[in-house]
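Trainee: Taken from TrEMBL, the feature transmembrane segment covers 20-39. Marked as domain 'Flavodoxin-like' by TrEMBL: 83-227. If you look up TrEMBL, you'll see 89-94, 141-144, 176-185, 211 marked as FMN binding site. The feature domain 'FAD-binding FR-type' is assigned by TrEMBL to 282-524. The NADP(+) binding site feature in TrEMBL is assigned to 301, 538, 599, 600, 605, 606, 607, 608, 609, 642. Look at TrEMBL and you will find 457, 458, 459, 460, 475, 476, 477, 481, 491, 492, 493, 494, 680 tagged as FAD binding site.
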């Protein structure tokens, strides 16, 4: 446009001999353009350089690193390493295990590094054979209905679809799963088998960790035998050096400007003050609490109906999705740690990785205060793992405390029993340990390095976006219980939510960071398809959204299929949640049948599974004769297993099948997404 205007000016003023020629104008435009781009480029670089020291690096090979160093192989070679430990982690445990393995590699003359498969070109595994005495270890979690973790999805699909020659790759796999779920450690088992099929050499047999029992014990036992296999395979010996090497060093940040200090943000500094779409796990949305009301009518337990305001956030959800809530630890526990260790919690500090080649510069957003770290970033309420017991030994001044920690950190039968009884059975967290072993006074910065990250909590969304497009509803039971040591442990997220009550319009509304996690728990595509929903207690949550969505379709004049709900609770007059809503849906015809089980309203307990067995004809009519869908939500340990067994029994009897045929029928239902479960242990 500028050029065409220049030509036009030149053609119309030639005869007037102007003082400024077309060439002068063109040069002027070029100068202005260059100056403009130079100024804004400089400004952008200045801005980014100011923020660089305080942004949180990805926990493995970053995208920037990949551009300049496109392969983890190159990094192994350039840093003289021979061991790479990949992790597939949803909650941080697999990443923690990977770090512990990589750290121990030094004892076996195998310098290690931790890597996120999502940030690596996993096709470069074919080049591992170029590194002498090299090895790849995979710590892989399975979650959901036998799904890979988000960061391992691309690697999983590459293994499924590719046909790489992995001859010369030495590997081992440790899986993290839960036996209460049907697809126990499915992803780790697949990766272990697939790597062998592609020509890789298994150095040590797969380890299967069960989070429903003692996954720490499973991991430690596997790890000890792993190193024995490694020594045998490579012909090496353990160096015997078992000193506790710090991964991070303390940096004094007392001179850092206040605006450069993290105050609870997950990743980006000041992200809660300057909210930017899209919102996800590293960039949650600070949502207002619009509604927080009690659902229980009486009794000593509490169940909350909470509505998060997402108006203006551009966030979208589907019926059946989950919402992640970022909690924070109670100020009482945080203050207690400060008192026990005699530390000023408002001290500003940073933890910097001692390995300069590592892309994970900090264990959590730094710099921050100890108070911020203990409140927002560190898990101080769960049972610490044995490696923390081991690291605390050097801080015990009392020989008795020292011996107790040594015993619990050991892998002997006596040590395992002591750890199980004193930590797991008695449900001690780090605060309780410091209280009960008074001579143990660890440096707080070291404790911050050792403790795992505080994780977000997931809740089934109990609303439909068709009815509530500007809000997300959840149904949550307040968690409080007394431990064997007569301490009261409180659920981190639910106790925080219980305090966040909406105020009048003149005062700021309480807020909490959230984001939406997609789910495969979905209504059938056709509204005419009949469905059965089984959800005792808060298992009702996603079905409330299902019913709302079908009710919306009915009001639009669309045909809807049968909807049968099985709901159970203790007492009708105490914890029958959403009673009026459900009765209204029955009255208007949206909910075809409502089967209710109140376990304690009569001498003999009645559960939803009893009702399911009694209604075998109805069950088979919907799933067998009408090709309907069946959904289960709630406890995985007993209820979901019992439901599965009942379904198989009904299919056998009503479908006139053998046990094997019935199992295959139910398996096919699962594959077709006609049998879906949203369960927890």
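Placed from the backbone N, Cα and C atoms, the Cβ positions cover glycine too.
Provide an account of the burial state, proximal residues and distances for the features listed.
Mentor: Sorting each residue of the domain 'Flavodoxin-like' (83-227) by its DSSP state yields 65 helix, 35 strand, 45 coil.
All protein chains shown were included, and the count of other CB atoms within 10 Å of the CB of residue 184 (FMN binding site) stands at 17.
Its own atom aside, the Cβ of residue 599 (NADP(+) binding site) has 16 Cβ atoms within 10 angstroms in the protein chains shown.
Within 10 Å of the Cβ of residue 680 (FAD binding site) there are 16 other Cβ atoms, across all protein chains.
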Trainee: Sort out for me which one of 141, 477, 493 has the most neighbouring CB atoms within 10 A, since those are the binding-site residues we care about.
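Mentor: Of the binding-site residues 141, 477, 493, the most buried by Cβ count within 10 Å is 141.
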Trainee: How big is the Cα-to-Cα gap, in Å, between residue 459 (FAD binding site) and residue 144 (FMN binding site)?
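Mentor: Cα-Cα distance, residue 459 (FAD binding site) to residue 144 (FMN binding site): 13 Å.
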Trainee: If I take the alpha carbons of residue 609 (NADP(+) binding site) and residue 475 (FAD binding site), what is the distance between them in whole Å?
Mentor: 22
Trainee: Have a look around residue 459 (FAD binding site) and count the other CB atoms within 10 A of its CB, chains all included.
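Mentor: Residue 459 (FAD binding site) is surrounded by 24 other Cβ atoms within 10 Å.
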Trainee: Measuring Cα to Cα, how many Å separate residue 92 (FMN binding site) from residue 457 (FAD binding site)?
Mentor: 13
Trainee: Restricting to the same chain and to sequence separations of six or more, state which residues have a Cβ under 8 Å from that of residue 178 (FMN binding site).
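Mentor: 184, 210, 211, 212, 636, 681 - these are the non-local Cβ neighbours of residue 178 (FMN binding site), listed in sequence order.
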Trainee: Measuring C-alpha to C-alpha, could you say which of the binding-site residues 144, 181, 457, 475, 477 are within 10 Å of residue 301 (NADP(+) binding site)?
Mentor: 477
